[in-house]
2 protein chains.
Amino acid sequence: MKVGVFDSGVGGLTVARSLQQSGCFSELLYYGDTARVPYGSKDSNTVTRYALEAVEFFNGADVDCLVVACNTVSVTALEQMQKFSNKPVYGVLEPGVMALQQLQGIDTSARVLVIATRSTINSGAYQQQIQALGYSQVDAMPTPLFVPIVEEELYDGPILQETFKHYFSKLEKPDVVLLGCTHFPLIAESISDYFNGAKTIHSGEAMLSWLKQHLDLSAQFESTPLHIIATENVDAVKRTATRWGLKL
Amino acid sequence: MKVGVFDSGVGGLTVARSLQQSGCFSELLYYGDTARVPYGSKDSNTVTRYALEAVEFFNGADVDCLVVACNTVSVTALEQMQKFSNKPVYGVLEPGVMALQQLQGIDTSARVLVIATRSTINSGAYQQQIQALGYSQVDAMPTPLFVPIVEEELYDGPILQETFKHYFSKLEKPDVVLLGCTHFPLIAESISDYFNGAKTIHSGEAMLSWLKQHLDLSAQFESTPLHIIATENVDAVKRTATRWGLKL
């Protein structure tokens, strides 16, 4: 199975990495809209328009399905993308919520913290889906500074720790942190440590798990070639991919 | 005199503020390309294309000159803008360098630090102009995290202080810090304090001073109406303008 992966920039590479490392896919085609990143501060009409341009690209590409590796797009434009795509389109929202339900030792009495960009949190999409499943203690916190901090490769250290205090010091300690932005897996360990070992949910692992369950996949490929396309500065995206452990 | 002010987003409001507070101008028209901000990570062809769209807008607008309140555009696209504009176009680079030369108690033996986004620093434009004037001790440091920190309104405090240490701890203490990004005036005081009272150069004040010297202006208007146009989310730009002390 060949999979298309769409993100506004480089964040979705963490999802592509999970798919690549799984050995379940024959080929990956990553498309990053780096010329117009970030989407998180744009309004929903604009995000939808950009997402439909990506659909048009993937409609002409040799892939079997399309993974939206961007939380902003998944909560904003998924239905429109599904309507105009000529192949199945999967967003990260549903897999993330499913991963929460399947976490060992976690039931609906657990305290769940959702962190994401401002637009994803303001949409309320994660919070609503999680509460609808019966979880009663759900906090949500926009943590926009994590994106540039990750892009500066400061995966731990004093700036990140001070930023944790800034965003988290008034929250009760969560049992689970749902990482609602594809940049955040790179600081998942630091977040978990800050909260004394809270579990974290990673969009890439959640998506892989969801695809395995829904598409009956198994690990069968020794390697999965990854092709990267970007609307701007594709070399920078490739460098980030290499630094983040993807194989080009 | 009616002045057009162009920036990729909200940063240029600090320049508009200097112009508005001066009382030298009858009217200001601010145009922020918020749908495509930030420019700092885009390549020069893309930045030039966007800048020429702004020129097209201002060619049809009732203003007497155009101020480019964005360092990235000023170092990348100023000549092209001047070529296609039907009115004078002024960038922030030359005024910033002039302000350095006119600083009291500072001569070419002073240690100068230029801070800006990665693209402005990588262009080398400030460093070259300053060294060409005979300054021998010129450091340059890209400080991209300052932009989102300012946008989170963290003008001082532990995150900013840790970020100062991250960028500055290995530098020799400068006598002057040239703020090569229009977001940075909001943290100018904190930067000066960190460096034990180093002087700072602010693009807005530098531009005002440059315009006064070149256009023979004087303070004559009790108030200067400011009109704001943005390619996306104009209400957010207006809110930022109000928070930053501009009068709408």
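Using N, Cα and C of the backbone, Cβ positions are placed for all residues, glycine too.
Just so you know, TrEMBL annotations never went through curation; they're auto-generated.
Quick caveat, the model's predicted, so the values are computed rather than measured.
As recorded in TrEMBL, the features of this protein are as follows:
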- B:D7, B:S8, B:Y39, B:G40, B:N71, B:T72, B:T182, B:H183: substrate binding site (BINDING)
- B:C70: active site, proton donor/acceptor (ACT_SITE)
- B:C181: active site, proton donor/acceptor (ACT_SITE)
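Neighbour counts of Cβ atoms within 10 Å were taken for the active-site residues B:C70, B:C181; the minimum is at B:C181.
Max Cα-Cα distance over the annotated substrate binders (B:D7, B:S8, B:Y39, B:G40, B:N71, B:T72, B:T182, B:H183) is 13 Å. Highlighted in sequence order, B:G9, B:G11, B:G12, B:V37, B:P38, B:C70, B:V73, B:T117, B:T120, B:C181 have their Cβ within 8 Å of the centre of the Cβ atoms of B:D7, B:S8, B:Y39, B:G40, B:N71, B:T72, B:T182, B:H183, the residues recorded for substrate, and are not part of that set.
Working note on the binding-site residues B:S8, B:N71, B:T182: by count of other C-beta atoms within 10 Å of each C-beta, B:N71 ranks first. Distance noted between the C-alpha atoms of B:S8 (substrate binding site) and B:C70 (active site, proton donor/acceptor) is 7 Å. Residues near B:T72 (substrate binding site) in space but far in sequence (CB under 8 A, at least 6 apart, same chain), listed by position: B:S8, B:Y39, B:G40, B:V47, B:T117, B:S119, B:T120. When Cβ neighbours within 10 Å are tallied across all protein chains shown, the highest count among the binding-site residues B:D7, B:H183 belongs to B:D7. Rounded to a whole value, the Cα-Cα separation of B:N71 (substrate binding site) and B:C181 (active site, proton donor/acceptor) is 6 Å. For B:G40 (substrate binding site), other Cβ atoms within 10 Å of its Cβ number 25.
Other Cβ atoms within 10 Å of the Cβ of B:Y39 (substrate binding site), summed over all protein chains shown, number 25.
In the three-state DSSP reading, B:T72 (substrate binding site) counts as helix.
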